[in-house]
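As structure tokens, the structure follows; a few thoughts come after it.
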Amino acid sequence: MSLGLQPNNDISSLVSSKNMTSENGLEHQFEELLVEKQYSEEHCAYCHIKNPNSILKCLHCNKWFCNVRGKSGASHIISHLVRARHKQVALHSHSSLSDTVLECYNCGTRNVFLLGFIPAKAKTVVVLLCRQPCARASIAKDMNWDLTQWQPIISDRQFLPWLITPPSEEEQKLAIPITSQQMVRLEELWRKDPNANLEDLDKPIEDDSLPSVELRYKDAHAYQAVLSPLIQAEADYDKRLKESQTQKDVVVRWDQAINKRYTAWFLLPKLESGEIRLAIGDEMKLTYEGELRAPWSSTGYVIKIPNNVSDEVGLELKRSDKVPIECTHNFSVDYVWKSTSFDRMQTALRLFATDGSRLSSFLYHKLLGHDIPPSFLKPKLPSDLSVPNLPKLNASQSEAVRAVLSKPLSLIQGPPGTGKTVTSASVVYHLATMQSRKRKSHSPVLVCAPSNVAVDQLAEKIHRTGLRVVRVAAKSREDIESSVSFLSLHEQIKNYKFNPELQRLLKLRSENNELSIQDEKKLRILVAAAEKELLRAAHVICCTCVGAGDRRISKYKFRSVLIDEATQASEPECMIPLVLGAKQVVLVGDHQQLGPVVMNKKVALASLSQSLFERLIILGNSPFRLVVQYRMHPCLSEFPSNTFYEGTLQNGVTTSERIARHVDFPWIQPDSPLMFYANFGQEELSASGTSFLNRTEASTCEKIVTTFLRSNVLPEQIGIVTPYDGQRSYIVQYMQNNGSMQKDLYKAVEVASVDAFQGREKDFIILSCVRSSEHQGIGFVNDPRRLNVALTRAKYGVIVLGNPKVLAKHALWYHFVLHCKEKGYLVEGTLNSLQKFSLTLTPPQKPQKFKRDLNVQRSLSPIQNAGSAMLPSFSNLPNLYSSSYLEEWNVFAQYKRRESNATDFEDFRSQVGDDESKFDEPTRF
């Protein structure tokens, strides 16, 4: 409550008071007034609760917040810290613990998301210690502390009540009510004006609404009018994010490579906490800010990112002159934001809208969603479509290849382990063979994918067939080794023997690390000519979707285009290769696995996270599905097949072929290597405050990995998958600190996100679900596509670690836990004495609002008329498995994206279980 008077008026009233006759009395009352005034302003910035025992001060912005749990499930102080990315707090001076700054007793860190407590020797005293490294037994051993009692000071996204008392019910009734949307809006206002308050929420909001992706468009101009603003919004967001990530006081060590270029090695604390993302080939700027020498800065490309072996980042500098290798401290690191990918998307949209020759008429209308008669090609195909040096095609693969070669637009759906890459390579082989017969109109086949890894994998397979393949990589990646480096354009130029002068200049530059201005100009001309010859002679050109906008490629026209992993590419990404003259297009992917990554939540809400592959399916373009899987033990494929693919997957491997009999592991059923291992550890917020970890599951991971290693399983055969970066980082550290085997063995075990494992496989997979709160949602774990990817990476065995009681409250996981229970895979106990876990399961009830919105969307959506094998009518869906849930989730997501505005995003995500995704990693649908 405020005093209701302005400060000047308060002082005037004191001075004019007849009762204040002594100077001491005046000073005393003046001080009391100032204290009262200050006290009245120290209230929760969200709801105005001001009980000193219930509020904390954010030391970053100096605002106060209470410990009451809001509608979002988190207390107001935690909601603020997470949204604002702040981490330090202090108690109120009038609280029972005084104005204490919460920090680690041992190292002084003030990151509250790292802090926990243990009882000290005195029973009435507790000690605050950070989770790592200070709560490790080796550090606290000498202090006689029982570290097994360490608990985080934040539980269920609320400070523990003995530390910060939650407001009473009476205080909460008097508090100003505030919704999650209003809190989000207030945080946005504070970024622009730190003095904004609740009254500012009533002011008119700037219209920053974005158009939503549509199913159909009148013409290409309308298409551009919708997608162009979304690309720009995503670019602006990415730019702000990258440019705000300057890191000071970086310590550097130096190394010089054979090419005489210097590499700077350093740690990035923000990277460790999950605040920023980094990829090979990213450009960064390194600046020296010390006093030992003159100011210096240089840019370079990232050649190494943190992994299980080392947390260091490697930055290879572009130039090697005047590098301060004698200095190691006082450096800063900045991201160098590049607009290249966004510019190329915008260019593709512009060309699509203004140049009618960029696509065939048929493809133009199909991409816009127009109803036009089907079109068929009449290629001369052999009876056996298998190709040289690749496995013989099975029936579904052969049918898919034959069908797509006779159509100008085709979709191939490749569920996990079904030989999608072999099928794609076979399609490309026949497309290239047909093109080579047309000598006058010969053009290479353009093969693209959204990621470099996917491009490399497909390029390697195509090369095996005997075709001439050229892999075009970005200039920033030319020095990065890959399995297909010998196919890269720049490597082929180095070995281009038809121009001795070119070879002489390349050798001279390699030896001297530079050329004269005249020789440099001459070399550029010779390289361009050689590139032209190599590209013209190629049967197949491989690059990323964004790479197709490279000037070396974009000046050519490509009649045939194949895009692999098309469901992971945004629609504008796909348009970059398509507008290079496409007349025949093949999109390959699986829309039941992970979709495109979109950083900006508002852009994701506008459906830019929907791939072109998905939109075409909704429009009625049925994909050709590959149905024989060659990866998983049959017991591992059963649930994914029934849940995500209507039971259509067939096993191309037998049980005996997928039993690792030499591995001594306590499977509850030796011939069925699938296990849901019940773990009931507490979930905790990670150091970033935006991700989660579970120490119990991390400990179990280490025990399982150690058991495998003792059974002579190679560490490279084991993969640990988790949806949360906080858990990934903690597992890596935990195995290093607590594993009983050699540390190098644990370093070689890959621990990564679900996203990082898509398209890959391991012999054994451990899935750590992390989420275990009775009061919160289960977040990313509830995404059907993530579960599908996680369960389908292993060949010989899967172990799922999680809390079945919590997970089974959600429809998708209810069916998986039920499946495991009925099959006898649900277990509990120690690893050397596992037993079946008896659990009573009750089918979860969907919220009525979910059902109501779903019914509305069913009446509106064209999905039910799509005619796709992947989208059956709702009435015919199986009851036992969660296919219905998967389709409902997707339909509901589409409906909410189209019908909601940006402020509805939190409620939308919470209804589908991802209530904290607004704080976590980028949106990936």
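Just so it is clear, glycine is given a Cβ too, placed from its N, Cα and C backbone atoms.
Here Swiss-Prot flags Cys44, Cys47, Cys66, His76 as Zn(2+) 1 binding site. According to Swiss-Prot, the Zn(2+) 2 binding site annotation covers Cys58, Cys61, His80, His86. Residues or ranges marked as Zn(2+) 3 binding site in Swiss-Prot (evidence: sequence analysis): Cys104, Cys107, Cys130, Cys134. The feature ATP binding site is assigned by Swiss-Prot to Gln397, Gly417, Thr418, Gly419, Lys420, Thr421, Gln593, Tyr630, Glu761, with similarity to another entry given as support. If you look up Swiss-Prot, you'll see 915-925 marked as compositional bias 'Basic and acidic residues'. The domain 'Upf1 CH-rich' feature in Swiss-Prot is assigned to 36-193. If you look up Swiss-Prot, you'll see 44-76 marked as region 'C3H'. Here Swiss-Prot flags 58-86 as region 'CC/SHH/C', drawing on sequence analysis. If you look up Swiss-Prot, you'll see 104-134 marked as region 'C4', on the strength of sequence analysis. Per Swiss-Prot, region 'Disordered' is recorded for 906-925.
Feature map: Swiss-Prot annotations on the structure.
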residue: Cys44; record: Zn(2+) 1 binding site; Cβ contacts under 8 Å, 6 or more apart: Lys50, Ile55, Trp64, Phe65, Cys66, Val68, His76, Ala175
residue: Cys47; record: Zn(2+) 1 binding site; Cβ contacts under 8 Å, 6 or more apart: Cys66, Val68, His76, Ala175, Ile176, Pro177, Ile178
residue: Cys58; record: Zn(2+) 2 binding site; Cβ contacts under 8 Å, 6 or more apart: Trp64, Phe65, Ile77, His80, Leu81, Ala84, His86, Gln88, Val89
residue: Cys104; record: Zn(2+) 3 binding site; Cβ contacts under 8 Å, 6 or more apart: Arg110, Leu114, Leu115, Leu128, Leu129, Cys130, Cys134
residue: Cys107; record: Zn(2+) 3 binding site; Cβ contacts under 8 Å, 6 or more apart: Cys130, Pro133, Cys134
residue: Gln397; record: ATP binding site; Cβ contacts under 8 Å, 6 or more apart: Thr418, Gly419, Val422, Thr423, Ser426, Leu626, Val628
residue: Lys420; record: ATP binding site; Cβ contacts under 8 Å, 6 or more apart: Ile412, Gly414, Asp564, Val588, Asp590, Leu626
Three-class DSSP secondary structure - Cys44 (Zn(2+) 1 binding site): strand
Rounded Cα-Cα span from Cys61 (Zn(2+) 2 binding site) to Glu761 (ATP binding site), Å: 46
Neighbour count (Cβ, 10 Å) for Thr418 (ATP binding site): 27
Gln593 (ATP binding site) to Cys61 (Zn(2+) 2 binding site) - Cα separation in whole Å: 41
Fewest-neighbour residue among binding-site residues, criterion Cβ within 10 Å, set His76, His86: His86
Overall pLDDT for the region 'C4' (104-134), taken as the rounded mean: 87
Fewest other C-beta atoms within 10 angstroms, as judged across Cys61, Cys66, Cys134, which are the binding-site residues: Cys61
The region 'CC/SHH/C' (58-86), counted residue by residue under DSSP: helix, strand, coil: 9 helix, 6 strand, 14 coil
Number of other Cβ atoms within 10 Å of the Cβ of Glu761 (ATP binding site) across all protein chains: 15
Remaining residues near the recorded Zn(2+) 1 site, that is with C-beta within 8 Å of the centroid of the site residues Cys44, Cys47, Cys66, His76: His43, Ala45, Tyr46, His48, Ile49, Ser54, Ile55, Phe65, Asn67, Val68, Ser75, Ile77, Pro167, Ala175
Counts of helix, strand and coil residues, the region 'C4' (104-134), according to DSSP: 0 helix, 10 strand, 21 coil
Listed in sequence order, residues not in Cys58, Cys61, His80, His86 with Cβ within 8 Å of the centre of the Zn(2+) 2 site Cβ atoms: Leu59, His60, Lys63, Phe65, Leu81, Ala84, Val89
Cβ-based neighbourhood (8 Å from the centroid) of the Zn(2+) 3 site, residues Cys104, Cys107, Cys130, Cys134 excluded: Tyr105, Asn106, Gly108, Thr109, Leu114, Leu115, Leu129, Pro133, Ala135
Which listed residue (His80, Gln593) has most other Cβ within 10 Å, given these are binding-site residues: His80
